[in-house]
Each structure stands twice: as structure tokens, then as C-alpha cells.
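Per TrEMBL, the features are:
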BINDING   A:H2  Ni(2+) binding site
BINDING   A:C70, A:C73, A:C105, A:C108  Zn(2+) binding site
Amino acid sequence: MHEWALIRAIIAEVEEVVKKGYKVDEVTVYLGELQNVDKSVMEAYLNEAIPQIAPGAQVRYETEPARFRCRVCGREWGLDAVELDEATREAIHFVPEAVYSFVRCPFCGSRDYEITQGRGVRLALVTSRRQEETGETR
Amino acid sequence: MEQFGSIDPRLTGARLMLSKVKAVVPVMSAKGGVGKTLVAVLTALHAARMGRRVGLLDLDVTSPSAHIALGVDPQKLQPEERDGVVPPDVAGVKFMTVAFYTWDKPTPLRGPAVDDAIREVLAVTNWGELDLLVVDTPPGLRDEALDVLEYLPRPRVLAVATPSRLARAGVERLLAILEEQGLERYIVENMAIGAVGLEELAEKYHARYLGRIRYDPGVEEALGSPEKLLDTDMAKDVEQIAKKLLEELGL
Ligand SMILES: [Zn+2]
């Protein structure tokens with residue numbers, strides 16, 4: 001499934017940071033509303049995998065609402081302002097930029113807008129230097 | 001304490017997805033209209049006919065057209081979800097395009113949205129084991145075309161150029177950029193009519209010249225059918241190029 005591709009990429013990113021000698025204290029996974037990934041699938045995998053790679057790490061999830069800004073009329077809106085059928089949602093799930101093929105600005109009809117937040121999946125880590133490697137605390 | 005804020009996992013994802021691909025060949029041109037897409041499509045079809053495991057990826061996300069050449073209706077044929085999405089088989093080639101998700105509707109992407117779409121397609125596509133992945137790139141030398149080179153592991157670029165004197169400056173710039181980046185590079189000459197060849201340009205920029213493809217008006221008629229495409233004069237010329245390319249790649 002598609003979530004699995006993202007999960008594997010997230011795990012690889014965390015592994016990379018651990019390999020560089022950091023202790024990962026916290027992993028925050030931001031789930032963009034537009035891409036609409038299955039949060040329960042993500043949780044099921046990551047809650048198990050991340051503590052194995054980065055012992056003691058807390059895993060948090062934050063859902064980011066999707067926001068759009070029109071480059072023509074300047075107005076902003078969210079997904080609740082537009083109607084999307086099931087097939088369109090599915091397309092956007094795989095490639096969020098597909099939204100540009102299906103959605104226009106609800107105020108002026110323009111297709112020239114930007115996704116200002118809540119596009120897809122990204123992560124942020126809080127880390128500290130591993131003591132045994134640096135010999136000092138930070 | 002240090003923060004690693006806002007990590008985009010997609011490029012790491014792309015690397016994982018491409019880890020079992022032996023050779024990645026982006027097909028590039030300095031400008032549109034030189035037949036880059038057809039060269040990419042025919043090279044992939046020929047390599048598959050020669051028994052290689054081949055993928056074809058259309059990364060021209062604002063105006064994908066490889067599916068039109070292949071006669072793929074993106075509303076009917078869809079990738080299968082398996083550890084990402086697995087590209088469907090088209091005439092022996094694993095084929096992926098953003099058109100599977102935009103259904104041939106206009107996709108007016110600008111700036112960062114182009115880059116995002118490219119990263120997303122690379123991150124979700126599960127290629128499995130391949131000998132060769134041919135990538136049709138956005139035309140021109142703007143950021144989106146050059147970024148693609150950074151996202152692909154060890155890209156070996158096939159530059160497509162026409163012998164037009166007007167286009168020459170563009171080709172030179174493309175070859176110069178590729179040389180500067182230390183990338184392996186090949187050049188083919190499409191729509192060759194006269195005697196003025198690009199061999200000496202290839203020599204100047206240390207690119208391997210793979211040959212010329214004659215102008216073939218019959219190709220237009222063959223669009224939409226891989227069998228008919230493979231039957232054109234253009235395809236016969238590309239077959240020789242594909243052979244040389246596979247040799248160069250050690251496949
Ligand atoms: Zn507007």
C-alpha cells in the first residue's frame with residue numbers, strides 16, 4: 001500500500017540521524033490533510049519500529065489542515081470549501097498535486113493557487129548528542 | 001538539544017524505491033519539440049524487446065505525453081497498490097506517469113508544485129528489480145529538469161537534440177551542464193536531415209554519440225499503439241541506438 005512507502009522512508013530518515021550519532025528523543029510525523037494518509041496504519045508500524053531504531057523516542061502525530069491561497073483573488077480557503085468525490089480523493093491521496101486538475105478557487109474560479117499547508121507527510125525530530133560519543137552533555 | 005525540523009522523507013523514499021534498478025537513464029533536451037518523449041518511449045520498448053527488464057517513467061508532470069504515445073487510457077489502467085504503487089505493464093515495459101492521477105485533465109502546476117509532484121511520484125512508485133529505467137524529463141534547462149538529476153541515483157543522461165543551428169546553443173548548454181556535474185552523457189540526433197552532424201559537439205563535451213534518427217512523418221500515424229510505433233522507420237533507427245546504449249550501460 002501507499003502508506004507503506006512513506007513509512008519506510010520515515011524509518012530510513014530516523015535511522016540516518018541515529019547513524020550520525022544523535023539520540024532521537026522525539027519524532028513528530030505531520031500528516032497533511034490533503035494527502036489523507038491512513039493514520040492508524042502509520043501508527044501501527046511506526047509505534048513499533050521507531051523505538052527499536054531509536055530507543056526512548058516518543059512518536060507524535062499531528063494532522064495539518066490543508067490550506068490554499070489564490071494567486072488571483074488573494075483569498076484563502078480549506079478543503080471544507082470544496083467538494084471532492086471518492087475517485088478524486090483517491091487520486092490526491094497518491095499525488096496531492098492532482099488537486100490542481102480537479103479544484104478551482106471557490107471564490108474566483110482560478111486554478112492559479114498555492115497549497116500553503118497540509119500538503120503531505122513530513123517529519124520533525126528532536127535530538128540530543130549521544131554522550132558516549134562526544135563525552136559531553138549538551 | 002538539536003532540532004531536525006521539517007524533514008521531507010520523499011527523496012529517501014525514492015532512493016529506496018530505485019535501489020534495485022541497475023541503470024537510470026533520464027532523457028533530456030534543451031528545448032521542447034525535439035521528439036524527446038518518443039525517443040524515451042521507443043528506447044524503453046526496444047530494450048524490453050531485447051529481453052531487459054525495463055521501466056518507463058514520465059516525469060514531465062505538467063504535460064505528460066508518454067501515455068498518449070503508448071495508447072494508455074489513464075482512467076482505465078491504474079497502478080496496483082503493493083508496497084507503494086506498482087506500475088502496470090505496457091507492451092513489456094513497467095510504465096508510470098502522473099496522468100494516472102490527473103486523468104489527462106490540465107494540470108497547471110507552478111514552481112514548487114512541479115517539484116512536489118516529481119518527488120511524490122518518485123517516492124510512491126515501487127519499481128522492484130529492473131535492468132533499465134528510462135525517464136522522460138521536463139523539457140528545457142530550468143530547475144525542475146535539473147532537479148530530477150539530483151533525485152535519481154547515478155543518472156546517465158541521454159540528450160536528445162536536433163541538428164538545427166537555432167537549437168545548437170541550447171544543446172551546447174545542456175552538454176556543458178552535464179559535463180560540469182560530472183554525469184555520464186550520451187547524445188542522439190533526432191530528425192536528422194542534412195549532413196551537419198552533432199558528432200563534433202559530442203566530442204567537445206565528451207559525450208558518447210549514439211547515432212542519428214531520421215525524420216519520419218509516419219510516426220504521427222503510429223501514435224497510440226506500441227506495435228505500430230515499433231514498425232516505423234524512426235523505431236528502426238532507435239533500435240540501433242538502444243543496442244549501443246545497453247552496451248554502454250553494460251546491460
Ligand atoms: Zn481566487
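Each residue, glycine too, has its Cβ placed from N, Cα and C.
All TrEMBL annotations are machine predictions without curation.
Taking the features listed in TrEMBL, we show where each one sits on the structure.
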| residue | record | CB count, 10 Å |
| --- | --- | --- |
| A:H2 | Ni(2+) binding site | 22 |
| A:C70 | Zn(2+) binding site | 20 |
| A:C73 | Zn(2+) binding site | 14 |
| A:C105 | Zn(2+) binding site | 22 |
| A:C108 | Zn(2+) binding site | 13 |
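The Cβ centroid of A:C70, A:C73, A:C105, A:C108 marks the Zn(2+) site; residues of that chain outside this set whose Cβ lies within 8 Å of it are A:R71, A:V72, A:G74, A:R75, A:P106, A:F107, A:G109, A:S110, A:Y113, given in sequence order. Rounded to a whole number, the C-alpha distance linking the residue listed as 'Ni(2+) binding site' with A:C73 (Zn(2+) binding site) is 35 angstrom.
Filtering the binding-site residues A:C73, A:C105, A:C108 for a Cβ under 8 angstroms from any Cβ of chain B leaves an empty list.
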